[in-house]
């Protein structure tokens, strides 16, 4: 049974749209936990477009589930993580011109640098996950870098036409099995919604799904706690969808 990590970046996006103090993502994280979130995820970007350093510091003090800090693999970010001590760091690619993370980290081309940074974080007691596309070469590179976790990028699955989604789901299923055979633990996220999450949640060996935008969008109508409850029910009790066959 997969657990649910709630990404609260989009709450901070609303705040930063007016450069004001509300809505504050820190108390919103508590509401997400009250709704059943198994963890809270935030992405501290280099350009600080949504989550701020202050948010991360306060969340470390207040989150009672797990705090997952997404960040670029830069020296400045490593130093912040070592100071804050989140429960997990997820290393992600980052480009200033992107609206949101557009794809997985190219671990294969950065093995030496990533291995060093992963070692420093894990030696400090912070498990590291790498956000990657569901590809054998990237998973092998993650293993070689001695990461403990991978987070599979589900964006291609989420954005695929319904006729193509079964093959994308198969890629995620195969990548999950391969990663586990390599000794890696597996999370997934990006673009998942109330409409497409169940087949991914049902993948054998999938440990956690990190979901943000769709929950915050639903919260506008029903409130954050209820939005989280609804997603948690789908993640924990995924139904069999005839479109995807038996999974």
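Cβ coordinates come from backbone N, Cα and C, glycine included.
Marked as 3-amino-2-oxopropyl phosphate binding site by Swiss-Prot on the basis of sequence analysis: 7, 18, 191, 212, 213.
In the structure as shown, the Cβ atom of residue 50 (1-deoxy-D-xylulose 5-phosphate binding site) sits within 10 Å of 21 other Cβ atoms. Annotation comment: Swiss-Prot describes 9, 10, 45, 50, 100 as 1-deoxy-D-xylulose 5-phosphate binding site.
Residues or ranges marked as active site, proton acceptor in Swiss-Prot: 43 (among others). DSSP assigns residue 43 (active site, proton acceptor) to a strand.
For residue 70 (active site, proton acceptor), the count of additional Cβ atoms within 10 Å of its Cβ stands at 26 [all protein chains shown]. Among the features that Swiss-Prot reports, active site, proton acceptor is placed at 70 (among others), with the record citing sequence analysis.
Note: residue 151 (site 'Transition state stabilizer') has non-local neighbours 90, 129, 130, 131, 132, 186, 187, 188, 189, 210, i.e. same-chain residues 6+ apart with C-beta under 8 A of its own C-beta. Feature annotation from Swiss-Prot assigns site 'Transition state stabilizer' to 151.
According to Swiss-Prot, the feature active site, proton donor maps to 190, an assignment based on sequence analysis. The local packing around residue 190 (active site, proton donor), expressed as other Cβ atoms within 10 Å of its Cβ over all shown chains, amounts to 26. In three-state terms derived from DSSP, residue 190 (active site, proton donor) belongs to neither a helical nor a strand segment and is classed as coil.
Within the set of binding-site residues (191, 212), the lowest number of other Cβ atoms found within 10 Å of a Cβ is recorded at 191. Only 7, 70, from the recorded positions 7, 18, 70, 190, place their Cα within 10 Å of the Cα belonging to residue 43 (active site, proton acceptor).
In sequence order, the binding-site residues near residue 70 (active site, proton acceptor) (Cα within 10 Å of its Cα) are 45, drawn from 18, 45, 50, 191, 212. The record assigns 7, 18, 191, 212, 213 to the 3-amino-2-oxopropyl phosphate binding site, and the maximum Cα to Cα distance across that set is 25 Å.
Proximity to residue 212 (3-amino-2-oxopropyl phosphate binding site), defined by a C-alpha to C-alpha distance within 10 angstroms, is shown by the following recorded positions from 9, 45, 50, 190: 9, 190.
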